[in-house]
Amino acid sequence: MDRAGRLGAGLRGLCVAALVLVCAGHGGRREDGGPACYGGFDLYFILDKSGSVLHHWNEIYYFVEQLAHRFISPQLRMSFIVFSTRGTTLMKLTEDREQIRQGLEELQKVLPGGDTYMHEGFERASEQIYYENSQGYRTASVIIALTDGELHEDLFFYSEREANRSRDLGAIVYCVGVKDFNETQLARIADSKDHVFPVNDGFQALQGIIHSILKKSCIEILAAEPSTICAGESFQVVVRGNGFRHARNVDRVLCSFKINDSVTLNEKPFAVEDTYLLCPAPILKEVGMKAALQVSMNDGLSFISSSVIITTTHCSDGSILAIALLVLFLLLALALLWWFWPLCCTVIIKEVPPPPVEESEEEDDDGLPKKKWPTVDASYYGGRGVGGIKRMEVRWGEKGSTEEGAKLEKAKNARVKMPEQEYEFPEPRNLNNNMRRPSSPRKWYSPIKGKLDALWVLLRKGYDRVSVMRPQPGDTGRCINFTRVKNSQPAKYPLNNTYHPSSPPPAPIYTPPPPAPHCPPPAPSAPTPPIPSPPSTLPPPPQAPPPNRAPPPSRPPPRPSV
């Protein structure tokens, strides 16, 4: 299948890959609850079918079957290779699950026999890896080799050489040794000692290492954060997955971005951990561009593919949000202006409301006990005896006498009766069916409700204060206008009495009054008006014509003398 078909199959598995975001450990779990791997790479099983495993081939088959079912990525390809005197490829590299099922059936029918030529199996694997790389795919490869015996010196040399050749092509080599194996030989054939899985308890114990093999051999990419970026902006991506430190050298780990299935850009990560990578990402300038995320464990020699796609979108600079907030604040300001403007522009005079009528103490419905006050027999006030006036009882309050008692003078022989109980508790009210109303139990939210009610009352009072001041329909008024009135004659500042020796002193400003009209001498009893004092140096007030007085009606107006 070509690369485009493989990518299409990977896109179909996008929904499956999204489920692993909630999984932990080695990547995820299958429907039956067992561990699973979602990595997209090429997996090669190289199995020993020499005569030493003749009676244990069923255990080997079930081990391979269980392990193969744990790799469930649609992008994973698998191949079965057996070796004895020579190597045979039972199933070539494929991701077709039906072909994998048929390959497992062929594997079950294998009849073991022959010598242990492990290098023959590595040769068959290297041939396929080389062919796939020549096609331009460069997919990461994982080899799991199983044997049960010790290799002779020459066979060990050839096996190590072919394993190194597979590594040079980008493969990661794991070895499984059963019972009578040489662990030192397998450590040199595999990538390291950590890549060797010993099974000392025989072939029956192969099922117990499936989880360990899956955890160490699985290299998977589960997610990328962020998955959507802004076009034309630089960013960093966090690659979530497993097995990123399984490489022989973590310094050779690379993040790869395949843009629109055409251009591949490799970036060295800032941090490499077993479960995540922190990588710089290339700048995608156009909206709608897509970058498929890949990881290389060998400095770009081969890549582990995934279904994780990073897309670009258009991002605003925040101006729309700023404009929206500005419009919102303007609307709020207009609403406040509409509410408070009539308070500034309308003068309203309202009648003083009548004083509130004080409620009687007897009508107190708060349910609190009422205090009893001493009573005084008022028959002894001013009546000179018991039959003097009508008997009247007066209640004395805690701040002195009540209004009735304040009008009377307490007599010496007044009888004061103290109440038996200081407080009088109200009787419980009965319902229509003569049943008493049960007291409401205190809820857990009662304190919170009380505080909220108090806050609501405070806000309501503030609203009512402003609402009362607002003009009602029909109220009239006008705004206060401040205007400047221009005077026709500017005011003159009075002259100061400053002495200038070079100039003569100015003459006092004085205008003699007009001659008084001739009037008959007044009666002797009338007092003589005082003589006006001479004017001072200050300027006199502005002269105005004397007011015209109307003559008495009993005599004609006087004539002026000639």
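Using the three backbone atoms N, Cα and C, a Cβ is placed for every residue, glycine included.
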Site co-member for divalent metal cation according to Swiss-Prot, given S50, S52, out of T89, T94, T116, T139: T116
Which candidate, of S360, S554, Swiss-Prot gives the annotation phosphoserine: S360
Among N260, N496, residue that the record in Swiss-Prot marks as N-linked glycosylation site: N260
From C175, C218, C230, C255, partner that Swiss-Prot gives for the disulfide involving C37: C218
Swiss-Prot annotation, N-linked glycosylation site - which of N164, N481: N164
Which same-chain residues, if any, lie at least 6 apart from N260 (N-linked glycosylation site) yet have Cβ under 8 Å of it: M289, K290, A291
Surrounding CB atoms that lie within 10 Å of the CB of N164 (N-linked glycosylation site), all protein chains: 15
Per DSSP, three-state class assigned to N164 (N-linked glycosylation site): helix
Same chain, 6+ residues apart, C-beta under 8 Å of the C-beta of N182 (N-linked glycosylation site), given in sequence order: E150, L151
